[in-house]
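Novice: One structure, pasted below without further comment.
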Ligand code: PAF
């Protein structure tokens with residue numbers, strides 16, 4: 001029997017060290033799967049556990065909270081920074097998505113992250129790459145309707161990151177609640193041995209959910225942006241008090257529009273676990289919204305508890 005020749009599927013760009021800041025340790029920047037696996041193997045050989053925090057960079061305090069949670073859950077945290085082209089449609093903001101690797105590395109080092117994994121697009125998707133992942137269930141509706149490319153791309157890149165790093169646990173923010181539910185679904189469906197941990201949304205003092213895309217807001221838009229969260233909180237309280245869903249959603253949409261938002265993609269009530277559409281709050285639910293403010297598409301969600 002002949003041994004098949006396997007073409008290298010990964011980049012061999014050398015890994016480096018980011019500069020230390022504020023007395024933090026230098027942060028290894030791993031650029032290819034071999035170096036990532038060697039690092040994880042060294043920790044495993046010492047009996048230590050690993051948390052992965054997948055990100056697209058332009059890191060803010062919300063991401064750093066994920067790193068801190070990772071440190072509580074495992075001995076070491078690796079953060080990945082990769083602006084994943086497969087989750088953007090051609091007309092979306094892949095090219096102008098904010099990128100600042102040096103700044104990200106410094107923030108990660110200060111937060112106690114042990115390594116940054118920053119693969120190249122070619123490393124993740126080499127010539128001839130031909131695999132897709134399609135997730136039903138929680139991918140359906142909401143952002144799945146308005147960004148049909150997104151969850152297939154997220155499932156693909158997160159599956160790759162999970163299989164590349166094989167962490168014990170991975171931490172994601174509830175700000176992208178539908179994404180978190182999709183990741184939980186395919187991780188379970190594909191028997192990927194990684195625990196998926198969600199962390200509540202980190203917000204500015206005025207309620208605006210932290211997001212790398214907040215950088216697109218003008219000063220005036222930034223002042224209006226928290227109304228999205230306020231409208232959801234008011235709607236959640238009304239639903240818990242037994243108000244009719246249709247009336248509540250109409251009022252929430254009106255409030256968001258009055259605040260100066262343009263297109264409102266959706267304001268919807270869903271079951272908190274399955275994301276199935278619901279009309280009454282009889283068990284934990286989630287109210288989710290996406291709306292445009294200038295060039296920024298803001299998303300947010302809040303829990304809704306039964307009375
Ligand atoms: O939430 C994000 O930043 C991205 O969608 C993720 C999970 C890192 C996949 O590219």
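Backbone N, Cα and C define each Cβ position, glycine as well.
Annotated active site, proton donor per TrEMBL: 63, in sequence order. Annotation comment: TrEMBL describes 56-63, 173-176, 202, 210-213 as ATP binding site. If you look up TrEMBL, you'll see 87 marked as beta-alanine binding site. Residues or ranges marked as (R)-pantoate binding site in TrEMBL: 87, 179. The compositional bias 'Low complexity' annotation in TrEMBL covers 1-16. The region 'Disordered' feature in TrEMBL is assigned to 1-23.
Let's see these features in context: how buried, what's close, how far.
Specialist: Within the same chain, residues at least 6 positions away in sequence whose Cβ sits under 8 Å from that of residue 63 (active site, proton donor) are 53, 55, 79, 107, 173.
Residues near residue 174 (ATP binding site) in space but far in sequence (CB under 8 A, at least 6 apart, same chain), listed by position: 180, 198, 199, 200, 201, 301.
Residue 87 (beta-alanine binding site) counts 21 other C-beta atoms within 10 Å of its own C-beta, drawing on all protein chains shown.
In the three-state DSSP scheme, residue 87 (beta-alanine binding site) is classed as helix.
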Novice: Taking just the CA atoms, what is the gap between residue 212 (ATP binding site) and residue 87 (beta-alanine binding site) in Å?
Specialist: 16
Novice: Taking the binding-site residues 56, 59, 212, which residues show a Cβ-atom distance to ligand 1 below 6 Å?
Specialist: 56
Novice: Can you tell me how far the Cα of residue 56 (ATP binding site) sits from the Cα of residue 179 ((R)-pantoate binding site), in Å?
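Specialist: The separation of the Cα atoms works out to 14 Å.
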Novice: Counting every protein chain present, what is the number of Cβ atoms, excluding its own, within 10 Å of the Cβ of residue 179 ((R)-pantoate binding site)?
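Specialist: The answer is 23.
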Novice: Which one is it, among the binding-site residues 59, 62, 87, 202, that lies nearest to residue 179 ((R)-pantoate binding site) by Cα separation?
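Specialist: For residue 179 ((R)-pantoate binding site), the closest Cα among 59, 62, 87, 202 is found at 87.
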